[in-house]
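Data block below; observations after.
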Amino acid sequence: MTDAQAAAPGAASVRPIILDGTSAPTWAADASSRPDEDLLDGLNPQQREAVTYRGQALLIVAGAGSGKTSVLTRRIASLLRNREAWPSQILAITFTNKAAGEMRERVEHLVGDSARGMWISTFHSACVRILRREAEQFGFTKSFTIYDSGDSRALIKRLVKEHEADAFGLTPAATQSRISKLKNELADAESYARTANMSDPAERVFVELFAAYQRELQRANAFDFDDLIGQTVFLFRAFPQVADVYRRRFRHVLVDEYQDTNHAQYALIHELTRPPGASTGSATGGRPLAGSGGMMIFEAPSTGSGTGEEDGASLTVVGDSDQSIYAFRGADIRNISEFEKDYPGATVVLLEQNYRSTQNILSAANAVISHNFDRKDKRLWTDVGEGEKIIGFTGYSQHDEAQFVADEIEALRRAGVDYSQIAVFYRTNSQSRALEEIFIRSALPYKIMGGTKFYERAEIKDALAYLVAVANPADEMAMRRIINRPRRGIGDVTIETIARYAVDQQITFRDALANSSALGVGPKIQAAIAHLDAVLAEASEIMLPASGELAPPTAVADGLQLLLNKSGYYDALRASKDAQDEARIENLDEMVAVAREFARNNPEGTLLDFLTEVALVSDADDLEDASGSVSLMTLHTAKGLEYDAVFVTGVEEDLIPHRISAGEPGGPQEERRLFYVGITRARKRLYLSLAMTRAQFGEVTVAMPSRFLQEIPLELLHWRQSPGDVNSRGGTQSRALNARRGGFGGSGSGSGKRYGDDLVPLARREPTGNLERFANKIPSKVRDNGDMELAPGDRIRHEDFGDGRVDAVTGEGAKRVAHVRFDTAGPKKLLIKIAPISKL
DNA sequence: AAACATGGCCTTTTT
DNA sequence: GGCCATGTTT
């Protein structure tokens, strides 16, 4: 979004009619001609109310799958269609960038181009936009850097070391999380010091660290994630006239996922929706009127709306306290539960009808969540019918469990369910590995959502640090990161020499490089420094042309390419013998491609825009679609999404509920909500799976079924293989060696309440095998069958599945896939290159 | 300064 | 099982 759009009509001088929302909308008498009639099609009465209600404050309590996104987008569309608001007067906050993109798309679909100029973004993105404009007001520049948690951890680590804070038991991680929590409460080092017990030396050191951290951020012209929100609030409070600009501008503020807002975000919303004008009093503005034929007519400024004062923006929040899963990062459920107190006169609309899931899935969800004692009772219902039973499965190991998931996905696929309509959830990111291994072997297309891996790779962080060094020369962290990458023979001693020189001369670290001859370092090192300085200077000419000029769209990509080439970064990787460095080159090429893609999508995008996007949209998956692939993600990432078929894996004690949260106040309840969120993502089919053993950092541990499983009524759940089946004597057989059970093997024998019992039919079991064998049956060494020639009819032997016959071979080269019918394990697809198979 | 070896720690979830 | 920090060697 450009500033030109941001400054669309109505920003300060023009104000459209705000309907008096205490009673029925003004067009109610003439329903037939209202321009938003079609927006109400297919909505139930509560949803209609949520779309059409006009007033200062509206809380929409939206149960899972109750159509809240639809309601929210239609509400925005109706404001626009009825000419109650200009696009530029709408601020909609979502939780993720992905959700923001989808909402924008849906609103555009409803109202077309007039959606342009709306702010639909996350809290963080919105605050960046505000801060970039206003940074000069309080000691920053608009080219500030955004520190992600990795960056701030690195900085804190350095400070902890410098302050020798570890002697007081302050680890970098603990310090970082404490600072983050405090910032979420809008505390700073001074205000915290006033309440802290300063006779405790550890407290004193912490306060010192906190203050030093904040100083360093300011010096580097940088904000961390929490600052983006907190400093915006600070800005609004310290400069009311600045705040008023935004208060006048945003007349309709809508916040999704309100149950997951923290105090700082709550305060921000409060500041934004407060009546403007207290500081300047010049509350004037023309008003556009809805004219026939879509013409806008502007009324002369009038004296306000009755009271003589301007109202605050109207606020709409949407949330569901049963889906609050971010307390760990400061989300305060009271924001939603006390909304009516915070906004007297607020109206509440309840959406309880679910349009997503079958009754069986909903009943299970209701049953689980009802175990949370501290909630208002709310029951989701549907009229789509019972649907399939929930399928349970217990694997012998995480790989066995993963194999079940893979097999079942193939079965769904054969039954006509598209891969893109299937998702696999897990509690912790590390669980994805076992699934990935099996999926790769099974040639099952998948996509990991939300894992920020790409941008966390060292080479990508290096590339970004080069860009930051150009964009924000004050950022010493970035400079320190790149100064010896690639190796230039510049070690700690030289770095400290430069840093000292910079302090002495009162210049930045970056500028100190320009005086390499004055540093008193050896000639080789001096030349290396001068070269780096020259490369950075050349790059900034490309990416940051002199004021007035506009950089060409390709500037960022070109500049990055130049930096990587002339710095010697590419050369160093190419010269390396390490096989991994080849992949690093590919990643960097990918990074350049991302920059070019960005230029295509944002022809006017600057280097800063690019860095902002990368910092805030850091998971690349938000940008790509997952069409044709199964989606893998954590339960947290799953919030807000829905799929025809959902697998919730690792439903074990110590995983969900996670062992760390078990002891925390409110922890088990939050974990239950997390499980609830997972369940309610499913439209038609839900699978709950677990493993009896799980390898956690080398060690194999025995896992117990999650307590949450017992909260699901027996009749809703069909165990394909229950925990009891697996625990029974003789039950340590690998599933892979068993005949395919085809949906009747387990026969629902186990129950959620009889784990470990021995009363399970054993007929189909074979007597061999032991637990260790299955604990980790994936060899870590890379296998390469790339050359194996296979043709339909060939007999093969697989390490786990036994003998089978090749039905067909598809794909090319490294991606050749064998379709094999195993004598006992049934049909499988195998990636030939890596499958543990041999020809017979 | 760089390359290599060892030992400790760990893992919750994310903008 | 892997990351990171520290220590040792060249």
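We number each residue from 1, going along the chain as drawn.
Using the three backbone atoms N, Cα and C, a Cβ is placed for every residue, glycine included.
Positions annotated as domain 'UvrD-like helicase ATP-binding' by TrEMBL: A:41-358.
Just so you know, the Cβ of A:Gly63 (ATP binding site) picks up 25 other Cβ atoms within 10 Å once every protein chain is counted. In the three-state DSSP classification, A:Gly63 (ATP binding site) falls within coil. The ATP binding site annotation in TrEMBL covers A:Ala62, A:Gly63, A:Ala64, A:Gly65, A:Ser66, A:Gly67, A:Lys68, A:Thr69.
Positions annotated as domain 'UvrD-like helicase C-terminal' by TrEMBL: A:359-640.
The region 'Disordered' annotation in TrEMBL covers A:724-756.
The compositional bias 'Gly residues' feature in TrEMBL is assigned to A:742-753.
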Non-site residues, in chain order, whose CB comes within 8 A of the mean position of the CB atoms of A:Ala62, A:Gly63, A:Ala64, A:Gly65, A:Ser66, A:Gly67, A:Lys68, A:Thr69 at ATP: A:Val71, A:Asp320, A:Leu351, A:Asn354, A:Tyr355, A:Arg356
Do any residues at least six apart in sequence from A:Thr69 (ATP binding site), in the same chain, have a Cβ closer than 8 Å to its Cβ, and if so which, in order? A:Glu102, A:Met103, A:Arg106, A:Asp256, A:Gly640
Tell me the Cβ neighbour count for A:Lys68 (ATP binding site), meaning other Cβ atoms within 10 Å of its Cβ, over all protein chains shown. 22
Fewest neighbouring Cβ atoms within 10 Å: which of the binding-site residues A:Ala62, A:Ala64? A:Ala64
Which one of these binding-site residues has the most other Cβ atoms within 10 Å of its own Cβ: A:Gly65, A:Ser66? A:Ser66
Within 10 Å of the Cβ of A:Gly67 (ATP binding site), how many other Cβ atoms can you find? Include all protein chains, please. 21
